[in-house]
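> Sending over a structure as structure tokens; questions will come in a sec.
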Amino acid sequence: MGRSISVSFGLLVVFLSLSGTGADQDCLPGWSSHEGHCYKVFNLDKTWEDAEKFCTEQANSRHLVSIDSKKEANFVAELVSQNIKETRRTDFVWIGLRAEDKRQHCSSEWSDGSSINYQNWIEAESKKCLGLEKQTRYRKWVNLNCGQPYRFTCEI
């Protein structure tokens, strides 16, 4: 009887320690959860378009990360900082935003179709695609050449 109580108590402790950590989210192994979404940093060098295609091919509803708040921006910055593998191409990480018209104005939505509710620009010039910059600890958005291969983060 005493052993049964000990095992039950041990399971209760494990359950309580996991609640609130994101472990209760339905994220795949290797993905991190934050406020109902799952994120993963990929240490693959791809152009913006190839990175977006890679994300969508992983499963339905996956796209390059869209950042909707300062809280989410901070979460993504920490996730990238902790998971990026250092190479000469890690100065930038793609996010799901790019210019969609000939005047190079940004689209009014992220690559996943959600509206742009939060902005965190560091530069005004336009090179069509946006990413996070290591020099800002991945906290500011910078304009980048879409054809350059960089690491990226997918979100579902």
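Every residue, even glycine, has its Cβ placed from backbone N, Cα and C.
Since the structure is predicted, the reported quantities are computational estimates derived from the model, not experimental observations.
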> Just confirming the record: what cysteine out of C55, C106, C129 does Swiss-Prot connect to C154 via a disulfide?
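Disulfide pairing in Swiss-Prot: C154 with C55.
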> Nearest of the disulfide-bonded residues to C38 (disulfide bond) by CA-CA distance, picking from C55, C129, C146, C154?
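Of the disulfide-bonded residues C55, C129, C146, C154, C154 has its Cα closest to that of C38 (disulfide bond).
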> Between the Cα atoms of C27 (disulfide bond) and C146 (disulfide bond), what distance do you get, rounded to the nearest Å?
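It is 29 Å, counting Cα to Cα.
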> For C55 (disulfide bond), just give me the three-state DSSP call.
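The three-state answer is helix.
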> Determine, to the nearest whole angstrom, how far the Cα atom of C55 (disulfide bond) is from the Cα atom of C146 (disulfide bond).
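Approximately 16 Å lies between the Cα of C55 (disulfide bond) and that of C146 (disulfide bond).
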> In angstrom units, rounded to an integer, how far apart are the Cα atoms of C154 (disulfide bond) and C146 (disulfide bond)?
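Just about 17 Å between their Cα atoms.
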